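To start, the structure itself, in structure tokens.
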Amino acid sequence: MPRMERHQFCSVLLILILLTLVSLTLTGWAWTIPDCIIADSLLFPNLSYYIPFCTSAPGLHLLASCSNVKNLNQTLKRVPRNTEVLCLQGMVPTLPAKAFIRFHSLQLLRLQLRTTSVTSRTFQGLDQLQYLFFDHHAPCCLSLFLSPNCFESLRSLSSLSFQGYCLTYSQSIYLPTSLRHLTLRNSCLTKFQDLQRLFPDLLLSTSSTPNIKPGAPFLETLDLSYNLQLKQAGVRDLYGLTLHSLILDGTPLKALDLTDSGLLHLHFLSLVGTGIEKVPASLTGYSELRALDLGKNQIQNILENGEIPGYKALEFLSLHDNHLQTLPTRFLHTLPQLQKLNLSMNKLGPILELPEGLFSTNLKVLDLSYNQLCDVPHGALSLLSQLQELWLSGNNISSLSNESLQGLRQLRTLDLSWNQIKVLKPGWLSHLPALTTLNLLGTYLEYILGIQLQGPKMLRHLQLGSYPILDIYPPWPPTLLSLEIQAESCIQFMIHSGQPFLFLENLTLETSILLLKPDNITIHFPSLRRLTLRGYSFIFSTSQLQRFFPQQLPLLEHFFIWCENSYAVDLYLFGMPRLRVLELGYLNFFYESSTMKLEMLLKEVPQLQVLALSHLNLRNLSVSSFKSLQDLKLLLFNSERALEMNSNLQEFIPQMPQYVYFSDVTFTCQCEASWLESWATRAPNTFVYGLEKSICIANASDYSKTLLFSFLATNCPHGTEFWGFLTSFILLLLLIILPLISCPKWSWLHHLWTLFHTCWWKLCGHRLRGQFNYDVFISYCEEDQAWVLEELVPVLEKAPPEGEGLRLCLPARDFGIGNDRMESMIASMGKSRATLCVLTGQALASPWCNLELRLATYHLVARPGTTHLLLLFLEPLDRQRLHSYHRLSRWLQKEDYFDLSQGKVEWNSFCEQLKRRLSKAGQERD
């Protein structure tokens, strides 16, 4: 193949390769990760209802949860860098150095990797990390070795937790000064002295005079729960340790053992499930103790040796799930500061018998739930004048009168759920003017009159529930913000005029039948933002909803519908201009017309951002179902069987939402869905979850559980459409680019093409030096010929070491006799590695010198990196007289100019400089 044709072929091949790489890059990038889920809790907080993943923390939104992790680096490589919550589950014995350095925004890290070793630089770069958890959920503890300085770089760490790990082989671990919560649950602690070995900065020296260590962390909470070998605390084991909270749930350690431990300033102590049988009196030594949790123990009597332990600073006391049957007289007198008392799940029934002396001016919260109470006697709570919350759920109370609640004028929350209440007596809330929250779920009420809810002036949250039917009569409280109504059979609103719920923001209805009487009356919800409907299909019919919601819901943002039966649903969304989240569950769309129904349902809510579809029996999906959802950011399919993905859904890929989840979805085995795999793994802007483990079935009786991707790889042609698209795209792009390169108006494109051509020329492996006959072409005029031949040429052509040994091309010497000078000049300059122009006033006046300078300038611009131009000034000249001087000034470097005028440079120095520049030009050309 001729040389010119070979160069053109290489150039075209270069274009094809570059375009192929660009195309593969554009279509191949994705952040879909096997066994990982990426979620934005700010976008859809209810996602965990459909897909379980690790818990987050308040204020954190972008979450990544990965399971079956074996290669940590490979898994983390595709997790978004701005992840705030990262949960990892799998098998990674050793955490390498800088394992999480990419995640500068990470604030919560939960590791369930069965890790046995952590290096000193594992967590380097996590300056924002606040929560760090090491979890091992197994009956036996796992040994974990921690380098002493492994947490040194975590300057913002506030919570550190170890669950199911033994730190036996670790010691002298540095804890950041920002640490506030330390947890060692279900570990191998046998005594408190182990803490001093593990974390010496926590404890002061055991000398009699405590010296606070500068920079030591100040713990608010120390959780040592379920350390089954921790049975006693030795003398001064915790000497000098200052804590707000100490949690010892599930340990055999008795509270009495803490007396001589040296623990200072304890505010909260939890001894849940420790097996104690009486309220410890020895803790009164902690005069600042404010909270004590003694739940799930064996306490039958609060009395101890006939006296009640006195906790003068105690504000919270929990005795839930014990065996209490009575409360001693003057019980609250010994707790003058008590504000919250939890006595739930005891045996204080059937009648609440409170001692006559039981009163408190500070008690604000009282929980008497699940105590088998049948009645609250008149005035039983009248002495609790400051009570704000009263919890009586799960008892057997059948009725309450205003005398039962007399004296509770500060009460704000009243919970009477899951009782046997059948009738509400008139005025029973008359003594509760401050009530804002009332819970009557799970009762046996048959009707509720609005007049029965009178008394509270600012009732905002109301929950009503009945097993059979529930009739609701006006007037309802005008200040309601949240209303939840449940009835097993029917909810019936009996109204006489279109009285609106002016301020209601959250409405939940759960029933089989929803009725509104009289039929021609409507209810208005102008402020409704969240609507939840649960029940049988006919409650969701268009006719029912239009009667109940006849006008627009202008502020509705979240609509949740969950059906309880398998009948078809006739549903139509209307008048919801601000709907952002739509959740549909168990609405049986018949597969024959499923696409049409879903399309009709969604076309009225084009502003939708989150769409969750569960148990809908969709059977078939096509692009027409979602083409109206331009703002969709999250799409979830849950529990669908034999789902067919129409191939025209590929048209929807450019506007596919940012998150697409498939949870427990079974597809049909058909090649029409072959595009799913390439889309799921190469989706440029979409995270896809659940497809890699989805199965497909050939028919209704197929139980083979064939993986969808395995079926597509085995039975369907792979990638034919993609490569066809890629080929046509490249050809079309070539037809566009090639004319532009030759267009004179697009000179920058021509220069870019030249640069690519040069790089490819070198990549093709050409030995450029072998293609040149001369090292330097010298351009000069006749007046300067004598100086060139006598002074310049001998220095450059002389053999080393005296000279450089360059091959020079001189027009007067090397042009063939009888050859055309123009052709010889063009050919010679093209075969020379560099061009040296000797410039004087006579040279600038010479047509041939000007022509040679122009030709050399052209080669310099058209072939950058492969040709060089050197200018030698023998006399002072105005450089503006040079042809295309401004272009030359951009392309030439400082070392490309040589000035011998007026003896500015010594001859020897000039020769050395010229030799070095010519030698460097030769190396660059090679």
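One is the number of the first residue shown, and numbering goes on along the chain from there.
Note: Cβ is positioned from N, Cα and C throughout, glycine not excepted.
Copied over from Swiss-Prot, here are the features:
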DOMAIN    772-922  domain 'TIR'
CARBOHYD  Asn46  N-linked glycosylation site
CARBOHYD  Asn73  N-linked glycosylation site
CARBOHYD  Asn342  N-linked glycosylation site
CARBOHYD  Asn396  N-linked glycosylation site
CARBOHYD  Asn402  N-linked glycosylation site
CARBOHYD  Asn506  N-linked glycosylation site
CARBOHYD  Asn520  N-linked glycosylation site
CARBOHYD  Asn620  N-linked glycosylation site
CARBOHYD  Asn699  N-linked glycosylation site
REPEAT    264-286  repeat 'LRR 2'
REPEAT    337-358  repeat 'LRR 5'
REPEAT    410-433  repeat 'LRR 8'
TOPO_DOM  31-721  topological domain 'Extracellular'
TOPO_DOM  743-926  topological domain 'Cytoplasmic'
TRANSMEM  722-742  transmembrane segment
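Taking the features listed in Swiss-Prot, we show where each one sits on the structure.
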residue	record	CB count, 10 Å
Asn46	N-linked glycosylation site	14
Asn73	N-linked glycosylation site	9
Asn342	N-linked glycosylation site	21
Asn396	N-linked glycosylation site	15
Asn402	N-linked glycosylation site	16
Asn506	N-linked glycosylation site	17
Asn520	N-linked glycosylation site	8
Asn620	N-linked glycosylation site	18
Asn699	N-linked glycosylation site	8
Practice prompt. Have a look at the glycosylation sites Asn402, Asn520, Asn699 and say which one has the shortest Cα distance to Asn342 (N-linked glycosylation site).
Written response: Asn402
Item to complete: Taking helix as H, G and I and strand as E and B in DSSP, count the residues of the repeat 'LRR 2' (264-286) in helix, strand and coil.
Response: 4 helix, 4 strand, 15 coil
Worksheet entry | Shortest C-alpha distance to Asn620 (N-linked glycosylation site) - which of the glycosylation sites Asn46, Asn396, Asn506, Asn699 | Asn699
Worksheet, complete the sentence: Asn506 (N-linked glycosylation site) to Asn699 (N-linked glycosylation site), Cα to Cα, whole Å, comes out at 43
Response to the item:
CA pair Asn46 (N-linked glycosylation site) / Asn73 (N-linked glycosylation site), Å rounded to integer, equals 30
Worksheet item: Going by C-alpha positions, which of the glycosylation sites (Asn402, Asn520, Asn699) is nearest Asn396 (N-linked glycosylation site)?
Response: Asn402
Practice prompt. Kindly state the mean pLDDT of the domain 'TIR' (772-922) in the predicted structure.
Written response: 78
Worksheet entry | Cα distance (Å, whole number) from Asn520 (N-linked glycosylation site) to Asn402 (N-linked glycosylation site) | 37
Discussion item. In the three-state scheme derived from DSSP, which category covers Asn46 (N-linked glycosylation site)?
Written reply: helix
Practice prompt. Express the distance between the Cα positions of Asn699 (N-linked glycosylation site) and Asn73 (N-linked glycosylation site) as a whole number of Å.
Written response: 41
Worksheet item: Can you tell me how far the Cα of Asn73 (N-linked glycosylation site) sits from the Cα of Asn520 (N-linked glycosylation site), in Å?
Response: 66
